[in-house]
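S.K.: Quick one: this structure, given as structure tokens, is what I'll be asking you about.
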């Protein structure tokens, strides 16, 4: 195989109550990694399109090529050479799982080019390594759903225990990216290391409610369970007019609304495409009122995850 | 109706990872409340059998009759009179939901005698009031499953939001009550008010895993999710040889094992009756090794909850 293109979708991590344990993929946007075989061994970044020159161009430091080198080393392959073109189709530091999408597209592409030495599930630890290179910690709540698709639960990190749960057919996501930037490391730094037992119990109740609501297609239960008493109250202060934008979503048909990943993107879940579109319009309008431009994406839950693109 | 008998089953609250939010009912044992209509208004405790004289005999102070008086007041009924006989079929302070079973049997019985002014779901706040009289706080993780049956999730206490989730047909509970006593208030007192964010996330993962495992009939996932990193490490110190008894259950076919409610009873969940019986034998033998007698109860999950008994 002389060339491969892989697509990996944007993702919403945390999903209100599920800090570090829940994530789901959306259909668009997604990053694309293009590989072209070379005779010369080694991995070279030929181009990165759409990052405004911000990502590292050195193969070791860039998370996409970093995981590829990691995988080649793991397989003991020394004579492989390729050129990489990364198409960044979402902003960096947006809370849309940007670094995860790139890493996942990277591992999917090289795995395909190498003749699929790994199953999709086996690619997960490699993609997580990309998260470590990009942000310092190997989280799975973006790479998991970007790779596997669907609504993903990470029961445990050590050992890694990850599974998907079914979601109702008529569930739609609204993702709104305001034109401001939050550093993932900062967003993690402001969190408190201790949680009251009372809030832990409340959050556990909502986690149980959201899983059961999704699996039962009980939209009311989903709505009542999309409550985050631990993370949202702290991180939302980094997003201008967060409460008002959230209220705009809820007043316009959304079941629930919270921060996507570590922000500043916000997401809402709605029953039906019309509600999801109405929430999008209302959220964008409310950000505009605060003088902030925003990009909106409305889609069903992406059940397939990353994929190889054929020309 | 001149006489009514109601049965309410024992329950397992917390269920490993679900402190204050999970509970399920078992088939036996259960308390029975017998009411006999009198001409004289007022509620009189005629007898309490099986409590070794430890429960209050005054109608206001006893939680069973206390909730009945509360219900009559709520309905504005002043001319009602009855005699109450309470058959305590489980030990007090056992972690088997003893006070909850009595309160639930009480509200079921009086509701029946009054011609069912309340639905079963509506009886819940009254039964919770019985828990407040008995233990000082109106928890629902025992009264919920004792009243409603099945595996109960309490998503929120304020407002009260409670629902049941399906469990696999072949799931059996082993409940072992060692002959030692723990005061519920003490068991709550030793808990820490703060939880690390790390442990909160781990517990949330297990809560999500247990709900999904039960709903998917995924016994392996149920097993992996029956992990409590917050409460069990603290409360288990009150139970002699807890670790060894737990290991005996796990080595003899149980999917998981933890403290029932605030203890000292311990429960295990197993796939199939044979495993549940083997776990029971092993747990009792291990307690015996520590010089502690214990009573064992093996049953499927009780799907019906409390019921009116007909002679």
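Placement of Cβ uses the backbone N, Cα and C atoms for every residue, glycine included.
Dumping what TrEMBL says about this protein:
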- A:62-150: domain 'GHMP kinase N-terminal' (DOMAIN)
- A:91, A:92, A:93, A:94, A:95, A:96, A:97, A:98, A:99, A:100, A:101: ATP binding site (BINDING)
- A:212-288: domain 'GHMP kinase C-terminal' (DOMAIN)
S.K.: Under the DSSP assignment, what numbers of helix, strand and coil residues are found in the domain 'GHMP kinase C-terminal' (A:212-288)?
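M.R.: Counting residues per DSSP class in the domain 'GHMP kinase C-terminal' (A:212-288), I get 44 helix, 12 strand, 21 coil.
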S.K.: Setting A:91, A:92, A:93, A:94, A:95, A:96, A:97, A:98, A:99, A:100, A:101 aside, what same-chain residues sit with their Cβ within 8 Å of the center of the Cβ atoms that define the ATP site, listed in sequence order?
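M.R.: Once A:91, A:92, A:93, A:94, A:95, A:96, A:97, A:98, A:99, A:100, A:101 are set aside, the remaining close residues are A:10, A:90, A:142, A:261.
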S.K.: For residue A:101 (ATP binding site), which of the three DSSP-derived states applies: helix, strand, or coil?
M.R.: helix
S.K.: Is it possible to list how many residues within the domain 'GHMP kinase N-terminal' (A:62-150) are helical, extended or coil according to DSSP?
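M.R.: Helix, strand, coil within the domain 'GHMP kinase N-terminal' (A:62-150): 50 helix, 7 strand, 32 coil.
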S.K.: Let me know the most crowded of the binding-site residues, choosing from A:91, A:95 and counting other Cβ atoms within 10 Å.
M.R.: A:95
S.K.: Rank the binding-site residues A:93, A:97 by the number of other Cβ atoms within 10 Å of each Cβ, and give the residue at the low end.
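M.R.: Each of the binding-site residues A:93, A:97 was scored; lowest Cβ tally within 10 Å is A:93.
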S.K.: Return the residues near residue A:101 (ATP binding site), defined as same-chain residues 6+ apart in sequence whose C-beta is under 8 angstroms from its C-beta, sorted by sequence, else 'none'.
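M.R.: Those within reach of residue A:101 (ATP binding site), by Cβ under 8 Å and sequence separation of 6 or more, are A:8, A:9, A:10, A:11, A:30, A:31, A:90, A:142, A:146.
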S.K.: Note down the number of other Cβ atoms within 10 Å of the Cβ of residue A:99 (ATP binding site), including every protein chain shown.
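M.R.: For residue A:99 (ATP binding site), the count of other Cβ atoms within 10 Å is 24.
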